[in-house]
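> Below are the features listed in TrEMBL for this protein:
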| type | residues | note |
| --- | --- | --- |
| TRANSMEM | 52-72 | transmembrane segment |
| TRANSMEM | 78-96 | transmembrane segment |
| TRANSMEM | 132-150 | transmembrane segment |
| TRANSMEM | 156-173 | transmembrane segment |
Amino acid sequence: MDATAYSTATPAAATQDAATTDDQSQSAAISRWKFEVSRQYQHLLDKTTPFVLYRWIGFFIIALIYVVRVYFVEGFYVVSYGLGIYILNLLIGFLSPQVDPEVLELSEGPTLPTRGSDEFRPFVRRLPEFKFWYSITKAFCIAFVMTFFTAFDVPVFWPILLFYWVVLFTLTMRRQISHMIKYKYVPFSFGKQRYNGKRAAESTSLSED
């Protein structure tokens, strides 16, 4: 009887092992496929990095498509409000320095130049331009997809949401501008002091004279 039971159990165990092996091979194949797709997607994103103008043109086209969609559907105002709040948070990160000068001033003293004779230090954003573009574009794409599901179309009086967003935007921008004025930084490339080789050579020759 023991031999019969052993002979009966052996095929069952072999079948179970084979099924486990197949599951593992399928999982490994799916993992490889996900990795390959992710790698190709990241490669495409990396290739778009230097094309700043074209990237933002594409974003504005996507944003226009979303606005037209919401306008003709006449709904999904809660989705739009959430999208607006998310964009405002991204904008604050884009306009803010990587390290808050107020914190550094308390710990290490002034870090940003406050006089023309101070050493120029380039502005480093807390949210880089590419990540800002990618996040805001992805947000509009997700919001556009959500407009095809009626579960997200919550009935609401949209002027109230618009008023809330405008008030929040105004208060946030006022605080951000006050922060810029206080610590004397501009989160854009224009209006900053730049040094080139010609100017350095001139200053050197003048010092020698």
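Glycine too: its Cβ is placed from the backbone N, Cα and C atoms.
Because TrEMBL annotations are produced automatically, they should be read as predictions rather than curated entries.
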> So what's near the transmembrane segment (78-96) in sequence-distant terms, Cβ-Cβ under 8 Å and 6+ beyond its ends?
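Residues packing against the transmembrane segment (78-96) from afar: 70, 125-127, 129, 132, 135-136, 139-140, 143, 146-147, 152, 154, 156, 161, 164-165, 168-169, 172, 176, 179-180, 187.
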> If we skip the immediate neighbours and take only residues 6+ beyond the ends of the transmembrane segment (52-72), which ones have a Cβ under 8 Å from one of its Cβ atoms?
80, 129, 133, 136-137, 140-141, 143-144, 147
> If we skip the immediate neighbours and take only residues 6+ beyond the ends of the transmembrane segment (156-173), which ones have a Cβ under 8 Å from one of its Cβ atoms?
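Residues 77-78, 80-81, 84-85, 88, 92.
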